[in-house]
Structure formats: structure tokens, C-alpha cells
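Below is one structure, written out as C-alpha cells; the observations come after it.
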Amino acid sequence: MAKAKFERNKPHVNIGTIGHVDHGKTTLTAAITKYFGEFRAYDQIDGAPEERARGITISTAHVEYESESRHYAHVDCPGHADYVKNMITGAAQMDGAILVVNAADGPMPQTREHILLGRQVGIPYMVVYMNKVDQVDDPELLELVEMEIRELLSSYDYPGDDIPIIKGSALAAMNGTDKEIGEDSIRALIAAVDEYIPTPARAVDQPFLMPVEDVFSISGRGTVATGRIERGVVKVGEELEIVGIRPSKKTVCTGVEMFRKLLDQGEAGDNVGLLLRGVDRDGIERGQVLCKPGSVKPHTKFEAEAYILTKEEGGRHTPFFANYRPQFYFRTTDVTGTVELPEGTEMVMPGDNLKFNVELIAPIAMEEKLRFAIREGGRTVGAGVVSKIIA
């Protein structure tokens, strides 16, 4: 039989399982692949290979599956620390998450922590799978746990009352026993994910943005800025804005070049050189961005959610204290900034994850959800995400 061709006719959504250790995230992931994808056994998922994202080693398992209407890429992490790192670095972006809660235990500390992290790093939607319902005989107890989950979600600004909660047993689904709480619950879960988690806007449909990686001048033609287009489309003749580091200014794109060929336009994912009108060689630099005018603003103060590397991961060997001044690496450049720790936090140990405020010495084109690395002399010591812009 000929190999099946990958059809790109369904919209693509990135998703993942989150929740407390041993509540059944990996079993649920395996069960979903049994009914909607190419079956992957528990140990194939649990033995996730290590990956490096922004200099940090993370173990994540990736599976894919399809519903009637969509194609899903699903990420599952073996350990709690992997989740923290994954969510903060955005190594595996999530358009939505399936929160797995053991019905017998109810929400536990990591349940809370994953919901908080989801809020901080901008996971917009969650659907709940209440697992191991066969271990609870009392229907009133199940109702109490459901209420508790909804209240917890609401306390972190998720719409707790509206979020779908599916009850079932991932193990029964895996073993093909007790269809009602097994297979049926998995089908109900994917139906809920299909319906409740919206398809994200594709990168090309978002406003244009390209981080500037390099700048050079072509005699007689002007200045060219090169980089990989992060989102949107740029057409020859369009007005663009140069944002970050220095006061913003406007220019016009007079040419788009890729692989030494001239194009009418460049789009998300393309590595291009953009020819800019009226900009001299010193008028634009690495670390700035070219974007649709007015779509992104420069900022210096923000609240961050960050993970600090352990010594074993190549991070610091010692804690840091208030007024710590590392470099913050945004997109293509380092900017020095001062860390202001939250009240009651005296020091931060390697391996911690926490939120703190940062003030940069120069403005950077910034939006919520933007990822960055924390560096000391070119060595990565942490990773973070902008959770809120202050100024």
C-alpha cells in the first residue's frame, strides 16, 4: 500500500496535557492516540526524549492525532520540572490545554501551579478531564471535586463555570474496558476540545513582524535588513515601522529578496532581506523589529514569569538577590535589565520558577507572551516570558 500523504486540509491546533503528577496525563495521552491517531503505548510516551530549547534541556513527548475537523499536535511531559520549563520557554506552544485531575484526589498543588502558569504564559483555553472516576463511589463527592476544580480555575481568571469537564477513566479507555467511562469519555473529550478551543489565527493572518538579524547597505540601492518573518505578510511598497532600542520611525519596503531572487511579498517563516527607503546603514540595527506601523510598541518595564537554570543545566551555582542585573535576550539581542523581586522574596535559587519585575536600560518591541532568555556574559542562566507590560 502506498504511504498516506499528509493532507493539510484540516486546521492545525497545538495542545497538551497538564496537571498534577500521577493524575493520569500520560495514560490519557496514550488513550487519545488509541482512538484518534496512531496508537502509542504509555511507555513510548513516558520515555520522552530530551530536547534543548533556549539552552535548557526539557523532556517532552509529541504525539499527533486527528478529529473529524482538525489535526492536533499534542505535547506531554514526564516530570513537573519539564512542564514548568516547557510552558515558560514556549518550547511547545499550546493553543489550549487538557487539565487532568484525579477524581479521587481533587486538585493538588501542581494542579494549581499549572493553572497559574497557564495564565501567566498565556494558554488561552483549558478543558478538564476528570480521571479515575471509577475509584469514587459517591456521586456527591464527584460533584464536590468538580465544584472545586471550577472554583480553582475561576480564581486564576479562567471561566471556571463554562469550561467543559469530562468525567472518565483513561485506563479503562486504554484497556478497552467499561466503554461508558472509557472510550466514550475520550470521544467526548475530543469533541469538547474541538468545540471549546478555537482554531488560532494563522501566523500569516497576523500583523507583520520581522526581528532584524543583520543590516547591510547595497551601493546605489540602499539599506537591507535581513531576518526571518515571525508573522504576517510584507508587500513591496508597504509602510513599515522600525521599533525598539531607539525612537520608533517609519520607512517603506521597496524590495523583498529571498535566495537572491526578488519577490512581490514575504510571509511568515520566510528568511528575507527587506530593502528600506530612506534608512541609512546606521538607521537600523540588530535587535530592533520591522513591523506593521502601530502594531507593536517599545517598552522597558514588565512583569516576567521565569525559570532559573540549575547548576547541572549550566546555570548559576549561587542564588541571586534584589537588583540583580543580567542581560535579557529578546529575539535577536541582549539588553541589560534590573530585576525587582516580589515582596518577601530575598533571594532566588537555581532551579526556582517565580515572577518578578524587570526594568530594561533600552526599550524593546514587546508584547505579552513574548519569550526571552536571561544571560550572563553570553551564557544562558534562565528563561522567561512577559506576563504583563508595566511601562
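Keep in mind that glycine also has a Cβ here, set from the backbone N, Cα and C atoms.
Summarising the annotation, Swiss-Prot assigns GTP binding site to 19-26, 76-80, 131-134. What Swiss-Prot records for T26 is Mg(2+) binding site. Summarising the annotation, Swiss-Prot assigns domain 'tr-type G' to 10-201. Residues or ranges marked as region 'G1' by Swiss-Prot on the basis of similarity to another entry: 19-26. Swiss-Prot lists 55-59 with the feature region 'G2', giving similarity to another entry as the kind of evidence. Positions annotated as region 'G3' by Swiss-Prot, on the basis of similarity to another entry: 76-79. According to Swiss-Prot, the region 'G4' annotation covers 131-134, on the basis of similarity to another entry.
Scored on C-beta pairs under 8 angstroms, the neighbour of the region 'G4' (131-134) with the top count among 19-26, 55-59, 76-79 is 19-26. With respect to their backbone Cα atoms, C77 (GTP binding site) and T26 (Mg(2+) binding site) stand 8 Å from each other. There are 23 other CB atoms within 10 A of the CB of T26 (Mg(2+) binding site), with all protein chains counted. Just so you know, of the binding-site residues C77, V133, the Cβ with the fewest other Cβ atoms around it within 10 Å is the one at V133. Summed and averaged per residue, pLDDT over the region 'G2' (55-59) gives 81.
Distance from the CA of T26 (Mg(2+) binding site) to the CA of V133 (GTP binding site) is 17 Å. Taking the Cβ of K25 (GTP binding site) as reference, residues of its chain lying under 8 Å away and at least six apart in sequence are, in sequence order, T17, I18, G19, D76, V100.
Long-range Cβ neighbours of H80 (GTP binding site) (same chain, at least 6 residues apart, Cβ-Cβ under 8 Å): V21, Q110, E113. DSSP assigns G19 (GTP binding site) to a strand in the three-state reduction. Note: D22 (GTP binding site) has non-local neighbours N102, i.e. same-chain residues 6+ apart with C-beta under 8 A of its own C-beta. In the three-state DSSP reading, T26 (Mg(2+) binding site) counts as helix. Other Cβ atoms within 10 Å of the Cβ of G19 (GTP binding site) number 25 in total over all chains. A coil conformation is recorded for C77 (GTP binding site) in the three-state DSSP classification, outside any helix or strand.
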